[in-house]
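Chemist: Before I ask anything, here is the structure I am working with.
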Amino acid sequence: MADGSLTGGGLEAAAMAPERMGWAVEQELASLEKGLFQDEDSCSDCSYRDKPGSSLQSFMPEGKTFFPEIFQTNQLLFYERFRAYQDYILADCKASEVQEFTAEFLEKVLEPSGWRAVWHTNVFKVLVEITDVDFAALKAVVRLAEPYLCDSQVSTFTMECMKELLDLKEHRLPLQELWVVFDDSGVFDQTALAIEHVRFFYQNIWRSWDEEEEDEYDYFVRCVEPRLRLHYDILEDRVPSGLIVDYHNLLSQCEESYRKFLNLRSSLSNCNSDSEQENISMVEGLKLYSEMEQLKQKLKLIENPLLRYVFGYQKNSNIQAKGVRSSGQKITHVVSSTMMAGLLRSLLTDRLCQEPGEEEREIQFHSDPLSAINACFEGDTVIVCPGHYVVHGTFSIADSIELEGYGLPDDIVIEKRGKGDTFVDCTGADIKISGIKFVQHDAVEGILIVHRGKTTLENCVLQCETTGVTVRTSAEFLMKNSDLYGAKGAGIEIYPGSQCTLSDNGIHHCKEGILIKDFLDEHYDIPKISMVNNIIHNNEGYGVVLVKPTIFSDLQENAEDGTEENKALKIQTSGEPDVAERVDLEELIECATGKMELCARTDPSEQVEGNCEIVNELIAASTQKGQIKKKRLSELGITQADDNLMSQEMFVGIVGNQFKWNGKGSFGTFLF
């Protein structure tokens, strides 16, 4: 990323102050043969072709010293960087050829001498003149400019010290540390832009381990495009804040592991063969390598926009429950923007004084639902009166409370605005929500997450923005007579070890209807799923998707019907399912980047057979888990395993559901 200290905003302003660059315009192959950007038409956008001089903006570097203005090149749009890397710099090169291709690109567009730049590091800024360029090394040969201009955080950094430093570096500096001084003639526009692309690439795209990756297909498709998209998704607030933190932590861990791995490999090359120390180092090296591969796989899942939604991330909720009030009293909170006498009379009759003794119950009035939720203790009730309420924070519900609408859901609308995280965060032991319409805007996380405890949603409407409802491990979720739509990810995500009961709901117009996370790992419990009389329709992908690792696909093909595990898992249903589609990780990645389309499965009686298909696939997956556990116990010397331990009931029932007009069918499997 271009240094924010020089711009005051860095690339964070990219979406707000776009700058067009010369090579964003598509060039014909013939023009490339003449030399990239060597003629006026190829180095400036059509909006600048009739204007003399530079087509770029300039800005003054911050600091105590008055430096000359430099080119402002860090506010480029996604497609401008995309086209530059794809068409002109990297093309179809392999990871091992990146520096070579970059050097060839720079030879075509970079002025070899005659320009000035600000050499910028974390410690100082100094003005230099470029006398030559070592393209192969991506370095410039420089000398101090006259007059001498330097801005340093260290007062003792004198001109003599700077000369000594340059001598140590043989007057050769990395191009990415140079910021070209502005020249309104336009002669150095290409130079400034080319250096910006090199700088951005090595700061945001390149990883130190990339060269050691397999070169089966071009580096741009495999690494550059997904990382570039993720960078701009983060800039434009399309990625949850927690996931961004996870990504940067994974990067740091991977870099640290790779550094240790390189040091270990270097020490091994200097060891005597067959020594005890070498054997120990080799074991440690294998461990580091395995650790790195796992970290890199996690990074790839986050970098890919489709898999980012499919796998998500485990957000830890640190909400603390308040418990019961010290007085032991329970309070009813009434939410209304304005309280009319007639409304108050109806409330007293219908809700507040239904039982004897409720006349003594305390009532608090609020103008917005968020303040009411925040004021709740264990056992409180929140009654939301008809109206349209706009909130900007998260409903963090850690105590067992009831949140209910007084009227029809369409008359009681709670709308969340602002680029925050989750709309409703549930960690309470027994939370009940009913009769409310939740509307989400500009979100980067799901509309409702059940982290733990039990949450019941009844007679509600959920208008989603990103993912819909997420049911985490060990959580219980019950949804009845509700409508969920609009999720860009899955409408409902079900994690291993959770319980999910869905009855008489509509789930539609989402990316996927319901997504069941991988539960085949030995550390995971089988989820308990009940789906009765739901209508799952008009989703872009599948009605229901099961995510599981590729390594278990062979087991499924060889699984035998009628095993004890199958018998324990059977429910009241019949019918033979079609074979579920399987999509491996690479196909998913290609699909997400638009390189291929997943094949749609034809199922003429989809809404009838969909229930059977889901049941049979889940039974087969659960059977695999039982077989794997038996094998592991056998390896430990336990020859007679208790079948009851391995035949947990996955679901109470999957019956009466209708699957209509889902883009890829009623059921699919993601293999990763």
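Don't overthink the numbers, they just go from 1 along the chain as shown.
The backbone N, Cα and C atoms fix where each Cβ goes, and this holds for glycine too.
Copied straight from Swiss-Prot:
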- Ala2: N-acetylalanine (MOD_RES)
- Ser5: phosphoserine (MOD_RES)
- Thr7: phosphothreonine (MOD_RES)
- Ser31: phosphoserine (MOD_RES)
- Ser42: phosphoserine (MOD_RES)
- Ser44: phosphoserine (MOD_RES)
- Ser47: phosphoserine (MOD_RES)
- Ser273: phosphoserine (MOD_RES)
- 428-451: repeat 'PbH1 1' (REPEAT)
- 452-473: repeat 'PbH1 2' (REPEAT)
- 474-496: repeat 'PbH1 3' (REPEAT)
- 497-518: repeat 'PbH1 4' (REPEAT)
- 526-548: repeat 'PbH1 5' (REPEAT)
- Ser634: phosphoserine (MOD_RES)
Chemist: Six or more residues out from either end of the repeat 'PbH1 4' (497-518), which same-chain residues have a Cβ under 8 Å from its Cβ atoms?
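Modeler: 309-311, 450, 464, 468, 471-491, 524-549, 618, 652, 662, 672.
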Chemist: Can you give the mean pLDDT for the repeat 'PbH1 5' (526-548), rounded to a whole number?
Modeler: 91
Chemist: I'd like the per-state residue tally for the repeat 'PbH1 4' (497-518) from DSSP, helix first, then strand, then coil.
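Modeler: Going through the repeat 'PbH1 4' (497-518) residue by residue, I get 0 helix, 13 strand, 9 coil.
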Chemist: Per DSSP, what is the residue tally for the repeat 'PbH1 5' (526-548) in helix, strand and coil?
Modeler: 0 helix, 15 strand, 8 coil
